[in-house]
Amino acid sequence: MPTNRTFTMIKPDAAQDGNSGSIIKMIEEAGFRIVALKRTQLTVERAGEFYAVHSERPFYNDLCQYMSSGPIVPMILEKENAVADFRILIGATNPANADEGTIRKLFAKSIEANAIHGSDSDENAEIEGGFFFAHTEQF
Ligand code: IDP
């Protein structure tokens with residue numbers, strides 16, 4: 001995957017509340033091109049695999065339960081400087097600290113149910129995109 005791509009997923013709280021369309025509109029209006037998109041649901045085991053880096057953190061089990069509690073909308077996105085620009089668009093992990101106008105400020109419920117994921121590096125964007133999409137599903 002080239003370095004102008006990032007990976008995101010709309011999390012169960014936002015997908016369940018019917019906010020997927022509004023969030024996708026914000027993403028496209030911010031200049032990101034959708035390379036791959038689907039609606040799916042993680043098992044608790046698959047959620048644990050995705051968040052394995054956090055397995056020693058006290059919130060890990062709750063996070064895996066939450067992330068498997070309903071449908072999610074994973075996407076691969078393309079834009080110059082995609083990883084950094086997308087982190088700005090989504091805002092801080094805790095919506096209480098997120099800037100006005102960011103996706104998390106607008107749609108997140110809590111530090112855990114924070115509406116959306118965004119990769120934190122080019123390397124993780126490639127790994128996370130590959131977790132959900134085959135190369136033949138990326139256009
Ligand atoms: P990020 O998603 O903003 O990169 P990370 O620190 O990588 O934040 O955490 C991954 C996810 O774990 C967060 O998006 C959030 O859903 C959850 N999380 C992070 N910190 C906490 C916490 O202190 N309590 C509960 N859940 C948390």
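Placement of Cβ uses the backbone N, Cα and C atoms for every residue, glycine included.
Not measured: the values here are computed from a predicted model.
According to TrEMBL, the features are:
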DOMAIN    3-137  domain 'Nucleoside diphosphate kinase-like'
BINDING   LYS11, PHE59, ARG87, THR93, ARG104, ASN114  ATP binding site
ACT_SITE  HIS117  active site, pros-phosphohistidine intermediate
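Proximity to ligand 1 (Cβ under 6 Å from any of its atoms) holds for these binding-site residues out of LYS11, ARG104, ASN114: ASN114. Taking only the Cα positions, the spacing between LYS11 (ATP binding site) and HIS117 (active site, pros-phosphohistidine intermediate) is 7 angstrom.
Note: the domain 'Nucleoside diphosphate kinase-like' (3-137) comprises 64 helix, 22 strand, 49 coil (DSSP; helix = H, G, I, strand = E, B).
In this structure the alpha carbons, written CA, of ARG87 (ATP binding site) and HIS117 (active site, pros-phosphohistidine intermediate) are 9 Å apart. Here the recorded positions are ARG87, ARG104, HIS117, and the one with the most other Cβ atoms within 10 Å of its Cβ is ARG104. Between the binding-site residues THR93, ASN114, ASN114 has the most other Cβ atoms inside 10 Å of its own Cβ, all protein chains included. The local packing around LYS11 (ATP binding site), expressed as other Cβ atoms within 10 Å of its Cβ over all shown chains, amounts to 24.
Around PHE59 (ATP binding site), the C-beta neighbours below 8 angstroms that are at least 6 residues distant in the chain are GLU112.
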